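What TrEMBL annotates here:
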DOMAIN    B:113-338  domain 'ABC transmembrane type-2'
TRANSMEM  B:21-39  transmembrane segment
TRANSMEM  B:147-170  transmembrane segment
TRANSMEM  B:191-215  transmembrane segment
TRANSMEM  B:227-248  transmembrane segment
TRANSMEM  B:260-277  transmembrane segment
TRANSMEM  B:313-335  transmembrane segment
Amino acid sequence: MNKSCIVIKDVSKQYGKHHVLKNISLEISEGEIFGLLGPSGAGKTTLVKQLAGLELPSSGENVVLGLKMPNFQAIKRIGYMAQSDALYEDLSAKENLLFFSSLYGLKGKKQQKRIQEVMQIVELTEHIPKLVKNYSGGMKRRLSLAIALLHEPELLILDEPTVGIDPVLRKQIWNAFYQLNKQGTTIIVTTHVMDEAEKCDRLGLMRDGSLTAIGTPTALKADTNSTTIEEAFLVYGGDKHED
Amino acid sequence: MRIRALTIRILRQIIRDKRTVGMLVFAPILVLTMLHLIFNGDSYVPKVGLVNIPNTITDNLDLSEAEIKIYDNNRDAKQDVMEQVIDGYVTLTGNQPQVYLEGSDPTINGETIRWIQSTFRSLEKMPGQEINIEYFHGSDDIGQFDYFGPVLLGFFVFFFVFIIAGVSFIRERTTGTLERLLSTPIRKWEIVIGYVLGFGIITMIQSIIIAAYTIYVLNMMMEGSFIYLLVIILALAFTALTLGILISSFANNELQMIQFIPVIVVPQVFFSGLFNLETISDWLSWIGPLTPLYYAAEALRDVMVRGHGFNEIYIEVIVLFGFSFLFIILNIVALRKYRKI
């Protein structure tokens with residue numbers, strides 16, 4: 001197995017009496033595409049926010065790229081894309097890209113080059129000068145992804161990156177993920193879409209704040225004698241699945 | 001570098017929002033113009049000093065309807081005028097009454113003069129003899145508007161900066177861009193300073209336009225230097241900005257931000273000198289020194305009406321920057337909710 005990119009050690013999180021994460025332990029290797037699969041409210045977002053340095057665990061610790069989170073050296077090497085698009089709608093795509101790339105210290109020719117490159121990856125090159133408020137939902141999602149890629153992060157944390165995006169576009173975005181992955185980027189994706197889960201190298205199944213199973217899609221299916229991830233999820237996850 | 005990027009982004013956003021730009025500049029101009037046209041006075045009990053006036057004369061005077069203080073030399077009386085203990089004093093040169101006024105509040109001037117004239121008229125043996133009045137500050141043509149104008153100028157800057165900064169920070173939170181900002185290596189203090197600089201530049205331009213309009217078009221009294229005026233306004237704007245951002249963390253949406261106006265902004269007007277501070281009941285008056293507008297209004301009046309310079313306003317300016325500094329610290333602490341480092 002490769003070097004670990006992420007080590008989650010016995011992490012729990014509670015807000016008041018509500019336990020959002022319960023004793024999660026997980027290792028993700030460099031160069032993996034790791035999927036966190038589970039229904040809404042399973043704790044996927046809380047877990048990836050901790051990995052991005054935006055939340056602290058109540059107990060346990062997260063080590064990302066060899067550094068205990070939160071840590072600025074690690075943050076610089078992570079690309080994070082939240083569930084919301086988090087764009088400045090009154091600015092153009094170009095101005096959004098300029099702003100966020102400056103925060104990572106990009107400037108001059110290098111900055112212009114990266115802006116062109118990431119917009120090519122998400123196929124929005126011709127829409128660079130447009131105001132974001134004139135973008136469609138799918139375009140905003142892709143621009144949001146492009147921003148997360150600007151500083152060539154070693155680790156991409158993507159929270160439901162393809163939610164609300166049509167199948168053709170979803171395929172394009174996944175092609176972009178494979179392309180980045182081939183260049184060595186580790187990718188963590190949360191999803192509640194089962195067919196998307198099949199595209200990951202390994203999967204973690206989450207339910208009510210617990211990690212119920214970890215394995216490759218094939219292994220998970222084989223272990224449960226299922227033909228689909230959905231069936232496997234039902235076996236591990238208990239009785240009901242809500243979306 | 002990161003601060004610069006944030007400052008540029010804020011400037012771009014504001015400039016693109018034409019209506020907000022319009023509100024920042026034209027709303028204050030409209031209201032100040034209206035106030036200029038409608039202001040008028042009300043009654044007041046003058047505080048008058050009597051300097052070396054023989055008992056034989058004072059016995060014959062009706063000294064009711066005023067607070068009287070007796071002095072035996074001009075210097076003490078002048079000292080008290082300067083410290084605004086009394087509104088003015090009367091002395092005799094030869095047999096002629098000579099009046100000295102503090103002079104910066106037109107209502108007080110008018111009431112004091114009126115009282116002195118009616119009181120001393122009984123002494124006048126020769127008709128047509130005029131009392132000489134000299135003003136330490138202001139002049140006999142100072143109007144209500146000249147006295148209230150500086151307060152209103154400060155109020156508008158405070159009000160608009162507070163709202164616009166607060167609302168844009170709420171947007172930053174609700175659209176998720178704040179979270180995205182915090183997922184980048186930007187430091188929390190850099191976010192606050194970037195906001196302060198971006199809005200500081202906007203406020204500077206806004207203040208220059210509004211102040212120039214009130215002074216040169218509405219002819220508001222301007223005795224001091226324009227630079228000092230801008231220093232005070234900038235200090236006040238920083239306070240409004242940092243307070244607006246801080247208050248916005250207690251609001252979940254724009255409407256809730258608006259709800260803070262009657263709680264945070266309006267009460268400051270009561271303690272800014274728009275209404276006479278001495279008429280405020282004792283159990284409320286302690287609030288005044290806790291409100292930023294109180295200091296800004298005093299300093300603005302010092303510069304615009306009394307023509308004072310840096311020596312008289314620096315304390316107020318320092319207090320305003322102190323407020324800003326405190327709010328900046330509290331903002332950085334408040335941002336810990338979103339990222340611990």
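Cβ coordinates are placed from backbone N, Cα and C, and glycine is handled just like the others.
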The transmembrane segment (B:21-39) versus listed stretches B:147-170, B:191-215, B:260-277, B:313-335: most Cβ pairs under 8 Å: B:147-170
Close approaches to the transmembrane segment (B:147-170) from elsewhere in its chain (Cβ under 8 angstroms; 6 or more beyond its ends): 10, 13-14, 20, 23-24, 27-28, 31-32, 35-36, 39, 104-107, 178, 195, 199, 203, 206-207, 210-211, 214, 218, 220-221, 232-233, 236-237, 239-241, 243-245, 247-249, 251-254, 257-258, 260-261, 264-265, 268-269, 272-274, 292-293, 296-297, 300-301, 303-305
Non-local residues, at least 6 beyond the ends, that sit with Cβ under 8 Å of the transmembrane segment (B:191-215): 2-11, 14, 24-25, 28-29, 32, 36, 149, 153, 156-157, 160-161, 164-165, 169, 181, 222, 226, 229-230, 233-234, 237-238, 241-242, 245, 324, 328, 331-332, 335
Residues from the same chain, set at least six apart from the ends of the transmembrane segment (B:260-277), whose C-beta lies under 8 A from its own: 44, 148, 151-152, 154-155, 158-159, 162-163, 166, 243, 247, 250-251, 285, 287-288, 291-294, 296-298, 301
